Amino acid sequence: MSYLDYQVAQVPTGFRKILYINWPLVVLVVAVCCIGFLMLYSVAGGVLETWAEPQMYRFAVGMVIMLGLAFVPMWFWRGISVAAYVVCFLMLVAVDLFGTIGMGAQRWIDIGPVRVQPSELMKIALVLLLAAYYDWLDLRRVSRPIWVLIPVVLILAPTALVLMQPDLGTSIMLIAGGGIVMFAAGVSLWYFGAVIAAGVGLVAAVMKSRGTDWQLLKDYQFRRIDTFLDPSADPLGAGYNIIQSQIALGSGGWSGRGFMQGTQSRLNFLPEKHTDFIFTVLSEEFGFIGAFSLLTLYMLIVGFCLYSALSNRDRFASLITIGISGTFFLYFSINMATVMGLLPAKGSPLPLVSYGGTSLMILMLGFGLVQAAHVHRPR
Amino acid sequence: MKKTQRDIVDSNRRITRRGLMLAGIQIATVTTLALKLRSMQLDHAEEYRTLADGNSIKIRLLPPARGLILDRNGLIIAGNEQNYRVTLTREEAGGDVEPVLRRLAQLVPMPESRIDELLEEFSRRSAITPIVLADRLSWEEFSAIAVNAPSLPGVTPESALSRAYPRAGDFAHVMGYVGPVSDYDLSKIEDPEPVLLLPDFQLGKIGVEGRLEEVLRGKAGARRVEVNSTGREMRQLSRQEGEQGAAVQLTADAALQNYAAQRMGEESAAAVVIDCQTGELASICSSPSFDPNKFVRGISSADYRALMDHDHRPLADKTVQGVYPPGSTFKMVTLLAGLEAGVIDAGSRYFCPGYTELGTRRFHCWRRGGHGTVDAVKSLEESCDVYYYELAQRVGIDRIAEMARKLGLGTRHDLPMSAVAEGIAPDREWKQARYGQSWQIGDSLNASIGQGYVLASPLQLAVMTARIASGRRVDPQLIRSIDGVRQPVPDYPPLDIAESSLRVARAGMDAVMNSARGTARNSRIAREDWRMAGKTGTSQVRNITAAERARGVISNDQLPWERRDHALFVCYAPIEAPRYAVSVVVEHGGGGSAVAAPIARDILLFALNGGLPPPDAVPSDQRAAMEARHEAMQLYTPEPPRPGRSRA
């Protein structure tokens, strides 16, 4: 204990904090982002202005946010966690209201010149609130039903709002993100077992309901499931994206076709090649070596976060780090699994690589929190 | 609630445990991803690579240049010309084509109706389909568009080969024409070559173009291009030129063909010139003609209507499709049948009182007063009908029909032209099959002078004449060589007719031209070394009733055009060593000797001389008229063929 006590006195202050930032993590994030710029340049056919350059500007802003947040002490985050959740929740309600008045599926809200996607912000806010909740909650009560019910409600309430937009992908990410924090906080595995069992039962019921009077999904939703199970059944229709993506990815081989040489992805065989399917471009042009390298970089990021979390004695900080890295993990693994045909096609970007401002900003904000937790860990 | 040191330790232990479990799940997940990646990129890379190449690399066919069609001297009858045109692709125009069209209309004349038509077409077709905006542009227009390309997004100036017929109408019926491949064409072809599916591929429709399509088409080349998923071409990877179709050389002579066409002028007529020994067709010409280039370019409905409504039927090929009662030109057949059957010999005579009575019916001779005593030669010389009425009753129709077939009538000659007619050489069996009626003796009488059921095409009449002249079973030939390979000339067997019989028929035909009472004496050739034999024919297209005959038969001049008699003439020369046989049919022309014979003689002379006939070839009183006629013609003077152009 004496070693730890000694460290507590050493919590850095002021600009000295810069020395305590988790620099390997920063380097990894920058490296992944650079891969992103490269791929966006390639996808645009060797043009910087189309996607790569705007993405670089956003990345620059994101770096400032990440490093800036690293200086913010944990008590501040603990203090605003409830407020952040409530604000995000109200924004979701607002979006739903405007959405019904406006043009159907609306996910954006305009606050002056800034365009915010509340559902993305909610991912961070939810992790923040749940971490604060479990930091506050007596350890012995963590698995008591009533204290399990509260975070479940906290998760499901915004999820329901997001689902109404409708945005199934983000809803699942919210549930998964919240679930990871609950899991890390030590909620009994029985609950998770029960949820998984219920999920499997629900899927079975849904599949069985097909063609009966009590059919639980619409026909087109069933067809989407069919496409996932057998993309080749409808190669020019719904299965097109998955098949094209698999062809491009597989044709990369061991070392790929070479930078800017990907025929499939650059020739518009792939839709959304600069966003959801950018991993395909990477895999085609740099082959297994490139794809596996990116996977390794991602795992290193997750690993560094996890190591930081496990070595952090501040429960709140640990849970935030695990929650954010877990969400990040879900992000890239879902995207990769999708383009490889392991999961049904569903629009989700490849974190830090895909073109898109909101996703990048939220991720940098998240890594800012991870850094803050790392910098301000008790010593 | 203040946390105790124990709580912190407890919390840390729990988070570590759960964190490690989470790490385990994550590692398992990533391992799954990596394994899938490995399976796709390492184990199955080849399969995906194959699929990927199929995806983006497309084979684009290059239409081959069509084989040339040449006349016997190597002059181009059907060639290929550069066609400058502009196409527009909607996708490349940025979706809105109208401003582009308006700007283009300032460079090439384009009426408002054409713009509306194009806009309508653009709205129907896919955005990536190039649509031809303007065709057959002049070089000036073409370069103006190329220079202004930046302000005309999506407009592509391009040049392609298109069929062209420099001899215009002269060979229209022989050649036929090419046109775009229709669904109907495709339905007729089993397993069509892919090149046929190109939007502007030209397929031979009729005539030689249609019949020798396989030879002329050539082999398509191919380009390997990279395309995107919308089918847009990104770049060309390789290019393999196609192989031009084989050149087809015809037996016909372009200069003679041109002369024949002009000699017939505006008459609705047909002329066939055949080599008596080889069967090669030196000319096969139907008049009036049409410009096949109009069909290649897409004929306007007004022009098409004009061709369809023309009472001289320019679109019909009268040489091989048209069948006519051969009239008196058929008399050689009946005569030879009689001689061969032994019913008559050269000296046998019949008396012609001007008619033959058969039961209650009277069959008239064309000369009301009759010819008196007629032998075989005189029967041809003066074309006595009664002689043949008498003969037919003794020979019988079946032997006449058999002789007709021997001489090439009533059989379909194998020529690479469209709708070659079989004609009719009627016999008992035929009438029974066709009408379910038994043959009447009157039918035989009509048939004996080439009326009634008998029908023959000018081609068949020419073949008949050539066979009589040469005594051999010559068949008509149209193709001299394919791809430089001379087509073999068959060694024709002798006709199964006694030479003595043929000599009687030839003597009769000689007398027609050269004796004092010959029906075509006016059309004889004056030069002894080209001495010519022939036979006139005038076939009725209407029945002359007894009542009309009593009043006096209305002369042709007073009848409407379409009710006048057909004028026919067959001839060959020189008599001693026959070279060319000619048949001419002038529809509703009137008398064979007055209308058809001079035309046939002039064409025959041109063929014999290999150019305009010398004045001393015709009787002195006709020289001035012939000179004047030739003066008025704008004849095609063939340039000597240039060796470099032969496969242009």
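Just so you know, glycine gets a Cβ as well, placed from its N, Cα and C.
If you look up TrEMBL, you'll see A:20-44, A:56-76, A:82-104, A:146-164, A:176-207, A:286-309, A:316-334, A:354-373 marked as transmembrane segment.
Here the transmembrane segment (A:176-207) has long-range neighbours at 123, 126-127, 130-131, 134, 137, 139, 142-143, 148, 151, 154-155, 216-217, 225, 309, 318-319, 322-323, 326-327, 330, meaning same-chain residues at least 6 beyond its ends whose C-beta is under 8 angstroms from one of its own. Only residues 6 or more beyond the boundaries of the transmembrane segment (A:20-44), in the same chain, are considered here, and those with a CB under 8 A from a CB of the stretch are 12, 50-52, 55-56, 59, 63, 66-67, 70, 259-260, 262, 265-266, 273-274, 278, 281-282, 285, 294, 297-298, 300-301, 304-305, 308, 351-355, 360, 364, 367, 370-371, 374-375. With a cut-off of 8 Å between Cβ atoms, the residues of this chain six or more beyond the transmembrane segment (A:286-309) that come close are 22, 24-25, 28-29, 31-32, 35, 184, 249, 252-257, 259, 279, 317-319, 321-322, 324-325, 328-329, 332, 336, 351, 353, 370, 373-374, 377. Same-chain residues lying 6+ beyond the ends of the transmembrane segment (A:354-373) with a Cβ under 8 Å from its Cβ atoms: 21-22, 25-26, 29, 33, 36, 40, 51, 54-55, 58-59, 61-63, 65-74, 77, 116-117, 120-121, 123-124, 127-128, 274-276, 278, 305, 308-309, 312, 314, 317-318, 320-321, 324-325, 327-328, 331, 335.
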